Every structure is written in structure tokens, then in C-alpha cells.
Amino acid sequence: MMRLPAPAKLNLFLYITGRRDDGYHNLQTLFQFVDFGDELRFEAADELTLSPALPGVATENNLIIRAARLLQSHTGCTRGARIHLTKRLPMGGGLGGGSSDAATTLVGLNRLWQLDLPAEELAALGLQLGADVPVFVHGRAAFAEGVGDIFTEAHPPEPWYLVVNPGVEVSTPAIFTDPDLPRNSPVLSLQQRLSSPWQNDCEGLVKKRHPEVAKLLSWLLEYAPSRMTGTGACIFGTFDSREAAETALRNVPDDASGFVARGCNHSPLLAALKAL
Ligand SMILES: C[C@](O)(CO)[C@H](O)COP(=O)(O)OP(=O)(O)OC[C@H]1O[C@@H](n2ccc(N)nc2=O)[C@H](O)[C@@H]1O
Ligand SMILES: Nc1ncnc2c1ncn2[C@@H]1O[C@H](COP(=O)(O)OP(=O)(O)OP(=O)(O)O)[C@@H](O)[C@H]1O
């Protein structure tokens, strides 16, 4: 039996620098992992199965099964696996949970089925499933540009975070198609981006569309510098110590939930894989 983590990611900053003719957006974003997330267990089997089912997601549409089938068809491998998912990350929260599950599946089954595909090839397969899968496959904190597909390794500080989930689901396509989304941030170098204040260009629009997010962010800002991740709805505050983050966690408003985690420039997935 093989047990592997599927950590969450944070977009420490997210700037939108333009819109391409195909509707996709050029971004400049900084990805970092945290040491909290879903967990997957893999066992060799004849058939491919996943348990338990996720509410509202047909198993054939689950990114774990889609990733496994993609790997089978890409390699011609006919082996199966019994996969068990412990889901801890909110869905559609901007924490990349589905993409991380898909990446862990690609990496895990590559090992279980002894396929020996290089990370580059797994990342290219993963891109077919979602924009954020490649960064989870590579497992290094990264500055991403283009539509999120051009990576430069980065080494931001690794503080403690309090991640708070306002409990509203924000549709990524709805944000990216909203005419009010700002799309004209300048393209800066990584050095310039690291040394100017970190912001998320989606935050103002998401706050306007979802007052719950605006309210919770005002609350968190009382404790620490805080922003939204991805297209929301989750927000995170940046703390010097675990204790300070946990103090804020104890005061999270009743209608929200949260967790404390450490920022990691090396994904816990890579560490677990090495230890196998
Ligand atoms: C914005 C981020 O959250 C940053 O981490 C991600 O890049 C979004 O990743 P994701 O949720 O996996 O998104 P995808 O499933 O690839 O794309 C969802 C939708 O977002 C929009 N989209 C996404 C990425 C991008 N660079 N430009 C876009 O305009 C497109 O309308 C697309 O149909
Ligand atoms: N294994 C999975 N885990 C989570 N969501 C899944 C999974 N498989 C399919 N989905 C679908 O994908 C959608 C997006 O889930 P995900 O948790 O990746 O969103 P997200 O955190 O907003 O990602 P991003 O930061 O990339 O926008 C869900 O609403 C769900 O319908």
C-alpha cells in the first residue's frame, strides 16, 4: 500500500497581464505549497476504483480517475489500482485540491505501475486536466507566467498561514469572463514582483460578487497581512509563528472554517515519494 499527500497550493500573488484571443489570460503568479491537504492511498488491483465518492462529482469525472485513465491510455498500461481518497481541502476554493489530487495520482501510479515516465511527461499529461496540475507534479514553489505554463523556480519565505474558507464556491470561469476583472497589470520581472507589494487581481471582483469574502477578509486583516488565493474563495493570513496563526484560528467566525499550515517550497509529495 502506498500513501501519498496531495497538498494545497497558495497563489502568494496573482496578477493578470492580458487576455489572449482564445479567452485565456496571461498571468504572473507565485505558487507555494502548504503542509496540509488531501491524502491518497494506492493498492495494486485488476480494476481501477476510487472510494469514497465526492459529493456532486460523478466518479468518472473525478480528476483522480481522469488522471489514471489518461496515464493508462498514454502508456497502454492495462493494470488497475484501488485508490482511497481522504478529502480535506474544500472544493472550488482556490487551493487547487482537484489539481493536486490529479498530480498525486499521476505520480503515484507512475510508481505503482513502474512506468518510469519523467516528471516532464507527467506534467504535460496533467496540463490536459487543469492549469495547475504541472506545478503540483514538479513540486517546487514557482513563479508562473504565460497562461500559467511557464515556470521559474522561486524561493519565497516559508511562514505559517491561517487559511480560511468562507464556504462559498467561486466559479473560476465566471471570474475570468467577468468584464469587470482587471486585466492590465504590467509584466514585471520576478525580482520586481518579489520586491513590490503582493496582491491578487481577482480579489476586488470576488469581494464584490461575494460579500462573505469581503467580510471575512476584513476580519483576517485585523490579525495579519492577508489575501485571497487563486480565484477564491479561500483567503490566507501570513504569520511569524504557528501559535499566532492558531490564536486567530480559534476566533474564526462561526460561518467559516480554517486550518493552520506551513508554507513549503518543496512539496510534501516529493518528500513522501523519496521516503517510499
Ligand atoms: C487562476 C488559477 O487558480 C491560478 O492558480 C488557475 O490557473 C486556475 O486553474 P484551474 O481552476 O485548474 O483552471 P482551468 O480548469 O485550467 O481553467 C478554468 C477556466 O479559467 C479560465 N482561465 C484559466 C487559466 C488562465 N490562465 N486563464 C483563464 O482565462 C478559463 O476560462 C478556463 O476555462
Ligand atoms: N478529486 C477532486 N477534488 C476536487 N474537485 C474535483 C475532483 N475531481 C473533480 N473535481 C471538480 O473540480 C472542481 C474544482 O476543484 P478544485 O478543488 O481543484 O478547485 P480550486 O481549488 O478552485 O482550484 P483552482 O485553485 O485551480 O481554481 C470541483 O468543483 C469539482 O467539481
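Note that Cβ sites are derived from N, Cα and C of the backbone, with glycine treated the same way.
If you check TrEMBL, you get these features:
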ACT_SITE  Lys9  active site
ACT_SITE  Asp132  active site
BINDING   Pro90, Met91, Gly92, Gly93, Gly94, Leu95, Gly96, Gly97, Gly98, Ser99, Ser100  ATP binding site
DOMAIN    62-139  domain 'GHMP kinase N-terminal'
DOMAIN    194-253  domain 'GHMP kinase C-terminal'
Between Pro90 (ATP binding site) and Lys9 (active site), how far is it from one CA atom to the other, in Å?
12
Please list the recorded positions from Lys9, Pro90, Gly92, Gly96, Gly98, Ser100 whose Cβ falls under 6 Å of any atom in ligand 2.
Gly92, Gly96, Gly98
Which of the three DSSP states, helix, strand or coil, fits Ser100 (ATP binding site)?
helix
Do any of the recorded positions Pro90, Gly92, Gly98, Ser100, Asp132 touch ligand 1, in the sense that the CB is under 6 Å from one of its atoms?
Asp132
May I ask for the distance between Gly92 (ATP binding site) and Lys9 (active site), taken between their Cα atoms and rounded to an integer number of Å?
13
Residues with Cβ closer than 8 Å to the Cβ of Gly98 (ATP binding site), same chain and 6+ apart in sequence?
Leu63, Met91, Gly130
Using C-alpha atoms only, work out the spacing between Lys9 (active site) and Gly96 (ATP binding site) and round it to an integer in Å.
6
Where DSSP helix means H, G or I and strand means E or B, what are the helix, strand and coil counts for the domain 'GHMP kinase C-terminal' (194-253)?
29 helix, 9 strand, 22 coil
Near the Cβ of Pro90 (ATP binding site), how many other Cβ atoms are there if near means within 10 Å?
20
Cβ neighbour count within 10 Å of Asp132 (active site):
25
For the domain 'GHMP kinase C-terminal' (194-253), mean pLDDT (0 to 100):
97
For Gly92, Gly94, Gly96, listed as binding-site residues, tell me which one has the smallest number of other Cβ atoms within 10 Å.
Gly92
Give the distance between the Cα atoms of Gly96 (ATP binding site) and Asp132 (active site), rounded to the nearest whole Å.
7
